[in-house]
Amino acid sequence: MCRAIAVALIVYLAQHYILAHAEVIASGRLEKCVVDGVTEELDCQEKVVVTLTVGNGQSLQTEALEFSLSCLNSPDGRCPCSCSAADPTCACRDLAAPLRVSLTKSPLWASYPLQYLSSFNWKPLEVILRPSNKVCKDGDWEDSPTCGWFSQGGVRVADSQGFCCECSSSQVWDDTFGSSKERTRANLDCDFWSDPLDILIGRKPVSAHCLTFDPQWYSGYELGAASLQFEIAITVEVPTAPSPTTATTSATPRTNNSSSANSTNSTNSPAPQFLSPPAPSTREVLHLGPSVPLASSASRLLSAKLLGDLAMYTQLPAISNQVLMVPQPPAAAAATGSPLDATLATNRSAWMLLDKTMLSMDGLACDKVGTGFSAFRYQPSGCGRAPQACLSGQLKDLWEADLARIADGRVPLYMITRFTGGSDTTLQSFSGGPLSFALPVTSHSQSLVTLSVAADGVRLVTNRSPGKITGAAVCRFAGTSCGGFEAVAARGYIYVNITNTGRLDSDYTLTVSNCSSNVRPIEARTLAVRAGSAASLDPPMELYVEDQAAAAARTCTVSLYDSVGAVTDSLTLSFYTNATQLVVKPSGGYNGTGDGAGVKRNGTDCSTACTNPIDVLCFVTKKCWSKFGRLLGIIGGALVGLGLLAVALKFGWLASLAASCCGGGGGAAAGGAGGGMGLGTGGGGGCFGGGQQQQQLPPAASHAMSPPQQQQRSHAEVAAGAAVAGAGAAGAAAAVLGAKHGGGGGGARGKQQHADTRHLQDRDSRAIDGGASIGSSSAGGSSSLSSYSQPREAGGRLLQPPAAAVFVPEGGGGGAAGDEGARAQSSDWDARGRSPRVADEHGSPRQRYDGVRQSPYMVSANPYDGWYDGGSGGGGGGGGGGYGREAPPPQGPPPHPVGAPPPPPRRRSLWERMWLQRPGGGGGGGGGGGGGGGGGSGGGVDQHGGRSCADAARRGGGGPGGMRGVEGLMSNGGRPNGPHPHAPPPPPPPQQQQQQQRQRRSFLESLTAMMTLPWGGGREEEAGGDRRGGGRGGAAAAHGGRGAGGGRGHPPSIGSPPPGPLQPPEYGPQGGQARRWGAGGGRGGVGGDGGGGGVGAAAYVQLSTGGRGGGGGGGRGRGGGREGPTWHNPVYDWQAPPK
């Protein structure tokens, strides 16, 4: 029953007392029982339970609840008291006045907890220095940089030394010629003429940029979640005087302005109610709040409980996780002991509230609060920016921006006074600590409180007093100006003053309604005003409009309601709004629409559009730059390769590696001389060719030789005390590949005859059994390392090997001499008509080697060339062909003084070195039968020379070998068909020549020489000579070339002086001049031996021991001497000076 009454009362009060500040939600009598668990008896009491609301604007005791009590402490629970008050043992007392309870509520605050983050400077500044000595130091390891170091706890702060800027070369150029449009951070004068001397020596204008701090610092505190803070005070007044015995009501009623609501029901018409007369009483105040929601009076007559708050109309500001900036006390105040709390508590208007995105907690970001040394030092393009760049957006900048907004009538963005309308007094009224932060809550907030009182009944008494609106205005933030504001960009603040014109403290409700269009509704506010006093809204009401238009007159009605909801005063409030001032848009720049983004090309488009890899026009038109670049790369690579090839040829790197075939045939008693090293001539007449075996002379003839003759012979021999047969000359061109050599002489098939009886021998096709070989010519070809370490004389020059000579392997054996009267049959030729395979049993042809293409079978110019019998002059066992460059024959003897030392060497020209060597001529033909005819010389580069030699030998006379071959001699010592038949022989050179200066190899040449494998031997050629091959072995000896033993085709008669040199002692590999060598060899017998092969050169031009000649005797030659290498070093190629 009681619950039903309470619900009906709540509905009634909600409909009729919605504007009341302390509204009773429910009230009724209720028997409350308590069980303590000690006993099963219930402690029950009948109480009046009242649930009411308390608003946040109810700060004065303008309402009171009066609980009627007949007596107190009645022993039997009945009133009036059954005992007498005069009885000292009677505790029951009848009350003269009701129990009075009033409730008030403090202002409501939204409090935010604080958490310290860091300290932030008020305004970091840049200091610019211009060192007088134009030296700026900003290194990380500088002890004394120009800006100095900051320290923190005795440790240097990284990057606190600032940075330096100087004029660049381009800035000096631009400033000098007046075309500079760029700035420098310190506005440096980069003109060259400002200080030309210093700029010339590299001391350009320079500036140092240092970071310093303002003395004022702020502490940053992060805001936590908001909580509501308020306090409800319950004042309980208990009367102490007993009630009078007379009537409870006075005969003369007193009326007042208070209203009363009685919770007791009566069937009779309500009697007039009067305010209870004041009576002596005791006062007790109970406090309720979110922290302590329960309280009871000392007499246990009343208990109170805070149930909670109803929802507000306006939410709290969403500023959690923002940072509150609180100024720190100055250092002077801290040093004097000024308390921080007092400083902060009296300076809350300087507090600022910032979002975290505006801060740099680590100091690495520019233009943010907290910018540090690293951000300042490493700012992008620091030297090209304006001074103080990277230092904007600091606390001072934000504060000044807020002041500018306030001056324009706008609300600040960072000051915390934006929540109070610019009033600082509201912030100071918060009762929290000095580092507490709370914002006032102006929205309606109703707290539910339940009171339980042991009373018979209750009534609510509310003060009602008239009020008046004394003033109202719409102003801008902080009241800078009134009358209106800027629409949307700002908001208006309604300031209202009211006065309580009654005699009681009363509550009032202020509303703003009936506004013009597009004015946002405004929430009502409540005030408690003392009797006869005036009050103002603090903070003021906020007024928003919802358009950007300018309006001269907008209106709203301001009404004042009293405590019971009656309008006690109202007025019309007029204001204006200005149009919103939008940010000015930038103008200028490009006014067109542009061409838009292009279509991206990929590799697939180019591959389908340009299929020709060399279609340059397609590449350019289709913009296939990758393919165009690829083509340019290929062409460029080829050109670079050709350039490197030219350089290699110029310096002899490639030419010294180019293989050439210089036969190593043997110059033996019966065969032609060995092939040379390929500097120009053919085998028998090869330059530096194989040695020609010396003819053993009778003792008388030997003793009859004059000293010049013996000295002439000694030029070709260096081995002490040894009659060296077939001594070969080392190749003149210094090949970096190491030793390449020809073959030595092969074994004899017939016995060699004496020179005096050689012409008596029959010229048949059988082999003549002869005697032993002459001298040391019986063994195969060989070479010795010791011979390389000795100076050798060749061509009138004294050569000296380098200190570290490359070992030259032993020379190969030369081929055996051919028989008399033998001729090649048609079956000896292969199916393709090529010459018979050379080296029947002894030689091993090589398929090919680098630099020279050579087939296993040499091709003769005439496929039917063969051997001739001894009578006709069979082909001698000539050496392999040279590998040289064709040159025209000389026209006359060279004008060189007789007996003079050879001219100094010179390098060949680039054109000469770039021209690849061509194959040299064939080997020399064999001598005529019976020794009657002189042997032909080795062939030159043309094929005619070798053949003519063979033909001449068959006819019994020698013939010229070729352009550069030494002529063979006829039996009478003549030189048929020679280049200079009438040239007088020059005297022999002196025995001692001045040693040429040694030329050391480069590292590349030495490395190549050590790492290159030796080349294999070559192969013979037929008697006709041809380009590379040597001739076949013949019956008679021939002068097969210019070996060390080269000379006459047959020895002179005993006692006759030896012939002189055939040509002047000049060396000209490109001029085709004959070279001068030692004394001529003896004539070979019928069916003589194969000649010993000449050895190849080492790394430099030097002589070496030639291959040894074979044994004497006739018989068909089984194989010629092996070919020597064709390498030569064009860098060290000697050539006669230009004529």
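Including glycine, each Cβ sits where the backbone N, Cα and C put it.
Here Swiss-Prot flags 753-767 (among others) as compositional bias 'Basic and acidic residues'.
As annotated by Swiss-Prot, compositional bias 'Basic and acidic residues' applies to 829-851 (among others).
Taken from Swiss-Prot, the feature compositional bias 'Pro residues' applies to 887-904 (among others).
For 978-991 (among others), the entry in Swiss-Prot reads compositional bias 'Pro residues'.
Feature annotation from Swiss-Prot assigns compositional bias 'Basic and acidic residues' to 1018-1029 (among others).
Residues annotated as compositional bias 'Pro residues' in Swiss-Prot: 1054-1067 (among others).
The disulfide bond annotation in Swiss-Prot covers CYS33-CYS44 (among others). Of all Cβ atoms in the shown protein chains, 9 besides its own fall within 10 Å of the Cβ of CYS33 (disulfide bond).
The disulfide bond annotation in Swiss-Prot covers CYS136-CYS164 (among others). DSSP assigns CYS164 (disulfide bond) to a strand. For CYS164 (disulfide bond), the Cβ neighbour count at a 10 Å cut-off comes to 21, with all displayed protein chains included.
Over all protein chains present, the Cβ of CYS147 (disulfide bond) has 23 other Cβ atoms lying within 10 Å. The disulfide bond annotation in Swiss-Prot covers CYS147-CYS210 (among others).
Counting only same-chain residues six or more apart in sequence, the Cβ atoms lying under 8 angstroms from the Cβ of CYS165 (disulfide bond) belong to CYS136, THR184, ARG185, ALA186, LEU188, VAL206, SER207, HIS209, GLY382, CYS383. Annotation comment: Swiss-Prot describes CYS165-CYS383 (among others) as disulfide bond, evidence class experimental evidence.
Sequence-distant neighbours of CYS190 (disulfide bond): residues of the same chain at least 6 apart with a C-beta under 8 Å from its C-beta are CYS167, SER168, GLN171, VAL172, ASP174, ASP175, THR176, SER180, THR184, LYS204, PRO205. In the three-state DSSP scheme, CYS190 (disulfide bond) is classed as coil. Swiss-Prot lists CYS167-CYS190 (among others) with the feature disulfide bond.
Summarising the annotation, Swiss-Prot assigns disulfide bond to CYS366-CYS390 (among others). Look at CYS390 (disulfide bond): DSSP puts it in coil.
Over all protein chains present, the Cβ of CYS482 (disulfide bond) has 14 other Cβ atoms lying within 10 Å. Residues or ranges marked as disulfide bond in Swiss-Prot: CYS475-CYS482 (among others).
Under the heading disulfide bond, Swiss-Prot lists CYS515-CYS556 (among others), citing experimental evidence as support. Residue density at CYS515 (disulfide bond): 18 other Cβ atoms are found within 10 A of its Cβ, drawing on all protein chains shown.
Marked as region 'Disordered' by Swiss-Prot: 241-283 (among others).
As annotated by Swiss-Prot, region 'Disordered' applies to 689-719 (among others).
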Study note, to complete from the structure: Same-chain residues at least 6 positions away from CYS390 (disulfide bond) with a Cβ under 8 Å from its Cβ, in sequence order, are CYS366, ASP367, THR371, ALA375, PHE376, GLN379, GLY382
Practice item. Would you count the other CB atoms within 10 A of the CB of CYS167 (disulfide bond), including those on all shown protein chains? Key: 24
Review point. Going by DSSP, is CYS210 (disulfide bond) part of a helix, a strand, or coil?
Key: strand
Revision key, fill the gap. The number of other Cβ atoms within 10 Å of the Cβ of CYS383 (disulfide bond), counted over all protein chains shown, is 19
Point to revise | Cα distance (Å, whole number) from CYS210 (disulfide bond) to CYS164 (disulfide bond) | key: 9
Revision key, fill the gap. Between the C-alpha atoms of CYS147 (disulfide bond) and CYS556 (disulfide bond), the distance in angstrom, to the nearest integer, is 63
Revision key, fill the gap. Reading the DSSP string in three states, the entry for CYS44 (disulfide bond) is strand
Check your understanding: To the nearest whole angstrom, what is the C-alpha distance linking CYS482 (disulfide bond) and CYS515 (disulfide bond)?
Key -> 18
Point to revise | Rounded Cα separation (Å) that holds between CYS33 (disulfide bond) and CYS515 (disulfide bond) | key: 55
**Study point:** Inter-residue Cα distance where the pair is CYS556 (disulfide bond) and CYS475 (disulfide bond), in Å
**Key:** 14
Exercise for review: Give the sequence-ordered list of residues that share a chain with CYS556 (disulfide bond), lie 6 or more positions from it, and have CB atoms under 8 Å from its CB.
Suggested key: VAL512, SER513, ASN514, CYS515, SER516, VAL519, ILE522, LEU543, THR572, LEU573, PHE575
Point to revise | Around the Cβ of CYS366 (disulfide bond), the count of other Cβ atoms that are within 10 Å | key: 19
